[in-house]
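To start, the structure itself, in structure tokens.
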Amino acid sequence: MTYSASTSDWAVEADGLVKTFGTNRAVDGIDLRVATGTVYGVLGPNGAGKTTTISMLATLLKPDAGSARIFGHDVQRESQVVRQLIGVTGQYASVDETLSATENLVLFSRLLGLSSSQAKVKAHDLLEEFHLTDAAKRPLKNFSGGMRRRLDLAASLIAQPPLIFLDEPTTGLDPRTRMQMWDTIRRLVSTGSTVLLTTQYLDEADQLADRIAVIDRGRVVAEGTSNELKASVGESSLELRLADNRDLDDVRVAIERVLGVDPTVSPEAGRITAPMNNPDRVTELLVTLREEGIHLAELSVAKPTLDEVFLTLTGRGVDDAETENTAELEGSRA
Amino acid sequence: MTTTTITPSPRPTTTIVPGVQRTLKNRVSIAETLSHTVTMAYRGLLKIKRTPEQLFDVTLQPIIFTLMFTYIFGGAIAGNVQNYLPIIIPGILVQTVITTSVVTGVQLREDMDKGVFDRFRSLPIARIAPLSGALLADTVRYLIATTLTITMGVIMGLRPAGGMGGVVAAALLVIVCSWAISWIFAFFGVIARTASSVQGISMLVLFPLTFLSNAFVPANTMPGWLQWFVNINPVSHLVTAVRDLMNNGTFGADAWISLLGAAVIVAIFAPLTVKAYMRKA
């Protein structure tokens with residue numbers, strides 16, 4: 001089957017993907033375009049539909065509606081072709097726990113058509129590359145989280161697929177292991193791979209991804225480069241805690257007037273948060289507050305978090321989205 | 001540091017071949033399917049090697065059942081243990097090996113619940129390979145159970161009149177039929193929600209089938225209505241066929257009926273299982 005070169009600029013093209021589990025529309029019309037040779041981040045809270053989306057793109061789940069193509073090949077009609085072009089690493093696509101690291105890599109290499117001796121060489125090379133040689137024969141039960149992820153990733157790279165799906169590659173890893181994982185992913189990209197990764201951490205998408213799609217409740221709510229996204233939520237946010245909660249309204253008015261932005265008020269905590277587009281004007285705000293005789297208990301500047309991206313883009317916090325969707329999605333994957 | 005000069009170390013330096021430049025095909029050939037099946041069976045054997053405790057059923061059951069049933073029933077049914085051995089060993093052989101085939105379904109369910117199954121599904125391999133590989137690997141379990149039961153019988157004094165050829169033929173017949181039956185349990189394994197429910201359903205099917213047969217007791221000692229069932233029970237035919245082969249070296253009507261039954265089971269359950277499996281896979 002041949003395809004015109006024009007479709008090949010995109011590693012991933014998804015149009016209106018829909019997946020429903022029972023009454024829950026886990027993925028509700030997602031469009032994605034991932035350019036070949038780039039890292040694309042899909043950012044969203046638990047249950048936003050990230051894993052479901054990847055599962056459909058990786059031919060593990062059948063979309064209820066919509067279509068997707070990997071390097072121009074339809075995921076449903078040419079699923080076997082697509083499987084030759086992708087590597088999948090995630091919380092789900094894992095390795096066989098009863099086998100050792102070497103046995104796993106040899107098994108997958110053999111399944112991918114390598115001869116017995118080629119498979120051994122491949123397993124050896126990959127273990128070395130991912131610093132797992134010392135643990136090659138140990139049972140996987142004794143592997144740390146970071147070692148498990150590395151082995152998972154190594155297993156996805158046997159066929160050197162031009163597109164790699166990484167589903168939350170660093171969730172649950174300690175900061176040091178997370179950095180190592182990021183280095184590995186960067187190295188991967190330098191060899192010409194296209195990477196589509198999902199994450200709950202804005203920081204991670206920021207570090208790795210050329211473009212980011214923010215998804216929530218199965219929909220893409222924002223798409224762009226990390227700078228574009230951050231610009232939309234403000235580089236950082238200013239957080240004020242007041243000595244007297246009765247001043248909250250006055251402060252809100254002052255912020256709207258001086259900073260020209262719409263702050264978020266948490267009356268219970270006596271806290272008020274505002275996007276900080278222009279740090280210079282904060283001084284003016286503070287002067288205004290002093291002139292009005294309003295006392296602050298605490299003042300801090302917070303970098304944008306996923307929570308704020310969410311608040312800004314959806315008008316809702318991460319927690320709401322999580323409690324609504326997680327339970328049903330987790331259950332339906334079994 | 002030791003260096004390997006086998007390959008010109010391709011990984012970190014070489015760039016990945018772009019998707020558009022690859023030759024790809026959307027079909028898996030029969031040769032590849034067979035190769036994937038054998039690789040998956042190899043995985044099954046590695047698993048057995050890693051967790052030898054899962055072989056308890058095929059190692060201990062033949063030994064304990066042979067000892068127990070022979071000494072309990074021997075005197076009552078055949079006058080003495082020596083005369084009972086040619087009757088009971090084929091019976092226990094069939095019962096043990098068929099019971100072993102339940103494990104296929106249980107392990108398949110456990111396996112399908114694991115993350116590694118998702119990886120198998122994301123690979124460009126034959127969809128059926130994880131299933132066919134598991135079924136193939138399980139014939140090793142049947143072989144172990146068969147060998148142990150017959151060895152146990154020989155130790156206790158069984159001298160099969162059918163000779164070596166008859167015994168080997170009997171063993172093969174039991175393994176083939178159990179493999180066929182394992183498709184039934186594989187089907188339960190694929191459609192069931194949990195591994196323990198597979199175990200439950202399978203035992204419910206298996207108990208009447210193996211005990212309401214001529215495996216332990218001659219059918220003519222039973223009431224008429226039960227004799228009717230025992231005589232049509234396929235397990236009875238298989239037991240009779242094994243007795244014929246081991247004790248007389250003859251391959252008679254019962255053996256043909258058993259093979260026909262096995263073929264029918266595979267013809268019905270293999271497509272059912274594969275279909276249910278593909279829907280999930």
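Cβ atoms are placed via backbone N, Cα and C, with glycine included.
Features of the protein shown, as given by TrEMBL:
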| type | residues | note |
| --- | --- | --- |
| DOMAIN | B:53-280 | domain 'ABC transmembrane type-2' |
| TRANSMEM | B:55-78 | transmembrane segment |
| TRANSMEM | B:84-108 | transmembrane segment |
| TRANSMEM | B:128-155 | transmembrane segment |
| TRANSMEM | B:167-191 | transmembrane segment |
| TRANSMEM | B:198-217 | transmembrane segment |
| TRANSMEM | B:255-274 | transmembrane segment |
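Sequence-remote contacts of a segment are chain residues at least 6 beyond its ends whose Cβ falls under 8 Å from one of its Cβ atoms, and for the transmembrane segment (B:198-217) they are 69, 73, 77, 88, 90-92, 94-95, 98-99, 102, 105-106, 109, 184-185, 188-189, 192, 226, 229-230, 233-236, 239-240. For the transmembrane segment (B:255-274), the most Cβ-contacting stretch among B:55-78, B:84-108, B:128-155, B:167-191 is B:167-191 (pairs under 8 Å). For the transmembrane segment (B:84-108), the partner stretch with the highest count of Cβ pairs under 8 angstroms, out of B:55-78, B:128-155, B:167-191, is B:167-191. Here the transmembrane segment (B:128-155) has Cβ contacts under 8 Å with residues 33, 36-45, 47-48, 55, 57-59, 61-63, 66-67, 85, 89, 92-93, 96-97, 100-101, 103-104, 107-108, 111, 117, 120, 167, 171, 174-175, 178-179, 182-183, 186, 190, 273-274, 277-278, 281 of the same chain, all six or more residues outside its ends.
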